[in-house]
Amino acid sequence: MSLEDKFDSLSVSQGASDHINNQLLEKYSHKIKTDELSFSRAKTSKDKANRATVENVLDPRTMRFLKSMVTRGVIADLNGCLSTGKEANVYHAFAGTGKAPVIDEETGQYEVLETDGSRAEYAIKIYKTSILVFKDRERYVDGEFRFRNSRSQHNPRKMIKIWAEKEFRNLKRIYQSGVIPAPKPIEVKNNVLVMEFLSRGNGFASPKLKDYPYKNRDEIFHYYHTMVAYMRLLYQVCRLVHADLSEYNTIVHDDKLYMIDVSQSVEPEHPMSLDFLRMDIKNVNLYFEKMGISIFPERVIFQFVISETLEKFKGDYNNISALVAYIASNLPIKSTEQDEAEDEIFRSLHLVRSLGGLEERDFDRYTDGKFDLLKSLIAHDNERNFAASEQFEFDNADHECSSGTEEFSDDEEDGSSGSEEDDEEEGEYYDDDEPKVLKGKKHEDKDLKKLRKQEAKDAKREKRKTKVKKHIKKKLVKKTKSKK
């Protein structure tokens, strides 16, 4: 039989092939699409061109938001960039008519409205989304009650949207209070914030405080006192702490000091609000100290801001002029090196702002009626900590001598009297006039620390003289094991 006859005689089992086909069909049946073909929807594709950014802020998504504002008549046109920063760029624009602009039938484009100078001018703040420089925003949002359900730190677009809404709400709160001048907020859309433009004419922005040409020395004092008064009004009336107050975030417009850039501002209930307030006071003092005027101690300004009532103040607490006059005549000037040392201590203090930071004996004093308000109790505790730190820095040597004499006298007494005194001390309350001495290696004197370390080295050196060598110790251990 030839090879061709043998090939013709070969046959494939039909049952085996059907079984294989059924297995393949069962395996891939869920991937077979049986619905009708749809040619209307094109396949969506993500490309880098969708996030192409111009001037760090203008990407296609942001341009659509701006176009929608033009369509709704919020703004008429967008002009050049006024300023750039770590979180946003600010652009100039003219206000729209509030209606949709008319489209020219011949050209198919929007009709350009003539700017006669009578229309309002807007500042458009556009936050950076794709190219972020300022990423450490979590500490300004953490603990903020208003944004407890809208945190998204991992998605930059959602985070910036929350950040823009936060500034809009803070700016609106300050503007509606009427006690602190601020630009009027107009609208917010995602990462685009529209507000009033503070202009000195011909489209030029009013100068920031750092660029303002002071006329005389009295004007520097005036703006310094105004800034201190603003911190109090912001805390007491608007219930906010700026958290980035400086000469860069204030504008002089029509001889008034305007407050801007309140995106990072927090409420007094925020866990770090007092730390932010202390930072604002430091920044303001540093700037005006460079301007060559006398400044107030930081701790004095802090107490002035958080105190509900002021001693010897008979005016309106919401009146900026009355507060400025009170500041100029009542707050003490920082003049000595001791005041500078007190400021350094105050910056490093842990500020008590909640019940968790107080001791049990403090609540006993509150129960006894020695404090009318919990706020005064907390303020008193801060003052006591400050006095303790000050006493430790300046009178450390005197305290060591007195403590040494007390220990010597205690050793002479018998055990029974000592135990009685211990029981009495456990029940006694501390005296307010006696400062609380800070303990621990962190607050130890440098000379004592050096002496203690040297004594420890000498003790270890003496111990090593009588120490059994390691190889000898191993031999002895091995011998004892072999005997057993």
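Backbone N, Cα and C define each Cβ position, glycine as well.
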> Which residue, chosen from Ser150, Ser409, is annotated phosphoserine in Swiss-Prot?
Replying inline: Ser409
> Of Ser9, Ser45, Ser403, which does Swiss-Prot mark as phosphoserine?
Replying inline: Ser403
>> If you check Swiss-Prot for phosphoserine, which of Ser17, Ser38, Ser402 comes up?
In response: Ser402
> Where DSSP helix means H, G or I and strand means E or B, what are the helix, strand and coil counts for the compositional bias 'Basic residues' (462-484)?
Replying inline: 18 helix, 0 strand, 5 coil
